[in-house]
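**Student:** Heads up, here are the entries from TrEMBL:
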- 32-51: transmembrane segment (TRANSMEM)
- 63-83: transmembrane segment (TRANSMEM)
- 95-115: transmembrane segment (TRANSMEM)
- 122-144: transmembrane segment (TRANSMEM)
- 187-211: transmembrane segment (TRANSMEM)
- 247-268: transmembrane segment (TRANSMEM)
- 274-295: transmembrane segment (TRANSMEM)
- 307-331: transmembrane segment (TRANSMEM)
- 343-366: transmembrane segment (TRANSMEM)
- 409-434: transmembrane segment (TRANSMEM)
Amino acid sequence: MFYYIFLNILSLIQSYSHIIFSRRCFDLNVNLNLISTLSIAIVFFIIGTFLKDKIKFFSKFCIPSPVIGGLLFTLLSLLLRIFNIVNISVSQNFISIFMTVFFTILGLNASFKLVRKGGSLLFKYWILCGFLALSQNIIAVSIAKITNIHPLIALMCGTISMEGGHGNAAAFGSTIEKMGINGAVTIGLASATLGIIIGGLLGAPVARYLIEKYNLKPKFNPYPKLYNKKSNFLTKNFLTRNSKSNIFTTINFFEHTLVILLCLNFGNLIAKTIYLKTSIVIPSVVGCMIVACIFRNFNDKVKLVDLNFYILDFASDISLSMFLIIALMSINLLDLATIAGPMLLIIFAQVIFILIYSIFVCFKVLGKNFDAAVMISGIIGHGIGNTPNALANINSVTHKYGPSEKASLIVPLVGAFLLDIFSLPCIIIFINLFK
């Protein structure tokens, strides 16, 4: 309701902005290039980190720094656009690059030994996410019947955009529009955008609530100083861990860079080859992740490269942060005005359901311990956002309370890869039921 009022206020301000600024000095379009986009992204990441440290609300509820910085830029850009001062467009070329690098590094961290260590907990998390996908479509279709909107339009606010994100929204939205349902892509993309914002803002606070309520602690904390709540800004963000494995030279850095780049090249090549030979579309990011996973497990046996996981974690943090902040910077909040009342009702219902489901069902099924609480931030992150959102939530929570090896392994494996085994057939079945 408040969100709907907010959108109406924005529309009114935009409509009368020419009166408020009848003597504006300029009306300018600014298209930022790659370097400018990256520079501004880094500036707002630093600002987001600073604000998180200085404003108690952000640190208390573990809001990720990229989310703070990205939304701050988006709000500033919105105000400049509303009042016809300047229209800023950022380059989106880096988004796919950082996303692919991030998932490639996830593949390099996916040891089969660790997967076996995930065991039944991995299977439970997978099933819980699969049930969430089914529930999201049922919620969407049920509200569609109550509000008398077409079920296929409602499905664009279900699993397609919530667990599927912008990629599925664009792909399945195009399919639905070919069936004669206009506006499906626009509604899906707007829903996915809103989902990313909500998932980034709610995931970590819910985990924090569970950790504080049940006084949960990590089983093993190898770096207690890193997670000391009383540590200062420099300690929390730039602590150098005293370990030989955390000291790397230029040649070490370039060795790992080469491994990542080779996985990127072979992953892209495999994805393209499969498409050309079979017409089966495999996202290049999945191909890169699989190649990286194969290399990791092959390397564990032959020791071709001495992988330094401090370097990989460092590169993973950079790629995740830059992906998330640039993705948020690219959002035009005015596009959310395309979401009409019934669609807002569906999204609101999705948010309420996932909060209740994650706190009262998932948390208990996953063990009602510290790892379970951290995984809850993940399921909310990719359940109404995307996998990088989930990982940003996990990083924010573990940075404050301590590490969770199981959450860091299970959430990306399910969110980035295994979840599609449930969600894609679920989407296709519902589309065919209501076409």
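Glycine too: its Cβ is placed from the backbone N, Cα and C atoms.
All annotation found in TrEMBL is predicted automatically rather than curated by experts.
Remember, predicted model here, so these are calculated numbers, not experimental data.
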**Student:** With the transmembrane segment (187-211) as the reference, find which of 32-51, 63-83, 247-268, 307-331, 343-366 contributes the most Cβ pairs under 8 Å.
**Tutor:** 343-366
**Student:** Sort out for me which stretch, of 63-83, 122-144, 307-331, 343-366, has the most Cβ pairs below 8 angstroms to the transmembrane segment (409-434).
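**Tutor:** Answer is 122-144, with the largest number of Cβ pairs below 8 Å.
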**Student:** By a Cβ-Cβ criterion of under 8 Å, what residues six or more beyond either terminus of the transmembrane segment (307-331) are in contact with it?
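**Tutor:** Long-range Cβ neighbours of the transmembrane segment (307-331): 37-38, 40-42, 44-45, 48, 64-67, 69-71, 73-74, 77, 90, 92, 94-95, 98-99, 101-102, 105-106, 108-109, 193, 196-197, 200, 241, 243, 245-246, 248, 252-253, 256, 259-260, 296, 299, 388-389, 391-392, 395.
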